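Written below as structure tokens is the structure these notes are about.
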């Protein structure tokens, strides 16, 4: 087999048993790897109704067949599990170097089962695997954990994925961090890791990923890298300004969510833009493994020193969504979240819900006491409550449940800007209605990455579409983006490659690496299979499409108050039935047997 090793580790933390399991190329041709392999294993082995924080839940850490190769952005890995935040499937994706190192060690996945009675970490050096005591690491922040493990093992070549105090304390939106500041961030994967008392996974590998046709692969890769470098976004805006290049673009288009999505225009957007960050604080770019784009930022602040980030989503979540414009405070807060192991989007979204509850009088000074008041623009709220959330102290214990549960405690869940209890990212769907349909139908909830309709609706990739068009063409484009994202994740590449590359380009790289002769349609069918399999998991876990596949009332009933999208709402009810029909599902959003048989997943019905 090429690309994949055809084997994965199964680590049972209840028994301490470590097993090597193998699989054949037939399985790889059906699921490709990574996100695909993971959902196959979860459906085959796990009850979707299992407690996300119980021993029955599985945590699967998995690179793809192109991870660790020279394919552009071939450093990605996925963390797939049942989310404690949503109760459904989640697939958190991260870059850096950890995923590539896991492939260099000779593994396609680590399947973590059970729960340890005491803190542990997993040490992997090629075929050597140990479960080690981590009692001395419990309580440490991410940078301290990485430094301590490298010192203990005696190697600076290690790449480490770990949780901070937020994961240890089962914060519903705790992240898994790797290589310092790279995050598998969303929907509480860090809490699942913490529930298993697994502090970290440290990996060192010395193998080379097997390639079917090395010369052809090298030529294909060179061609794709050139396409990316010649693209105005992948080769221009992202390398120059990072993902924060989007701040001004999204604000000018009137969908930069401000003050908990009350409007889509922020008067201080430029002050927190990529252009402003580059001028004030940037030291250098920080690319992930094999990445020709290099969107990562390394900044230096007088108060903090050198740190990585923040990305566009983090700038917005810890900035405009809270009415905060001070970029230095945002960078400091992002650093805090990375060290504690918190998802910045959900952290900011939860604090924004608290601010609106405070603004409307439902959260009062009597409850806050001496704590900073939840006023829009108050930077003290950031630094004070981020730590409180990570350690579940005082009001932080309630905030650690996420915005939906927090707002529900005060009788007003409508102030949670979330889908399936996962906080929405930095695009108001009233300014991109196809993107809004993507939020509603995303398998992991309020996510932008897996259905990035901002590309056609705002940025013009692969071509410009009217953001307020809700035709079948728009719905079909969303379905293509969802299936393609599943394929790219399963391959082990970054979704930013879609700026410059199309489905045929992924086909070329995969065929050269794996030695297959698949068509573009064959690969997109794998993506469709993965998307449907994840939905099947959710349906078995209790997904009620009529109740769960919607948007916050604000987007459906409250017209955008200002800017280019003034007067618009999301016409979800007009799009959703057509989405189900074009997916080949029933009118109530379920997968019929004939569709499951077409995709080869009927065994899981």
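Cβ atoms here come from the backbone N, Cα and C positions, even for glycine.
For residue 183 (tungstopterin binding site), applying a Cβ distance below 8 Å and a minimum sequence separation of six or more within one chain yields 92, 94, 175, 176, 177, 338, 343, 344. Under the heading tungstopterin binding site, Swiss-Prot lists 76, 93, 95, 182-183, 185-186, 338, 342-343, 444, 450, 489, 493, 495.
DSSP gives residue 295 ([4Fe-4S] cluster binding site) a coil state; it is part of no helix or strand. Annotation source Swiss-Prot lists [4Fe-4S] cluster binding site at 288, 291, 295, 494.
Report note: the [4Fe-4S] cluster site is defined by 288, 291, 295, 494, and the residues of the same chain whose CB lies within 8 Å of the CB centroid of those residues, excluding them, are 73, 75, 95, 287, 293, 294, 296, 496.
When Cβ neighbours within 10 Å are tallied across all protein chains shown, the highest count among the binding-site residues 288, 342, 494, 495 belongs to 342.
Ranked by CA distance from residue 186 (tungstopterin binding site), the binding-site residues 291, 295, 494 have 494 at the top as the closest.
Restricting the binding-site residues 288, 291, 295 to those with a CA within 10 Å of the CA of residue 489 (tungstopterin binding site) leaves an empty set. Around the Cβ of residue 95 (tungstopterin binding site), 26 further Cβ atoms fall within 10 Å across all displayed protein chains. Under DSSP, residue 489 (tungstopterin binding site) is assigned to a helix (H, G or I) in the three-state scheme.
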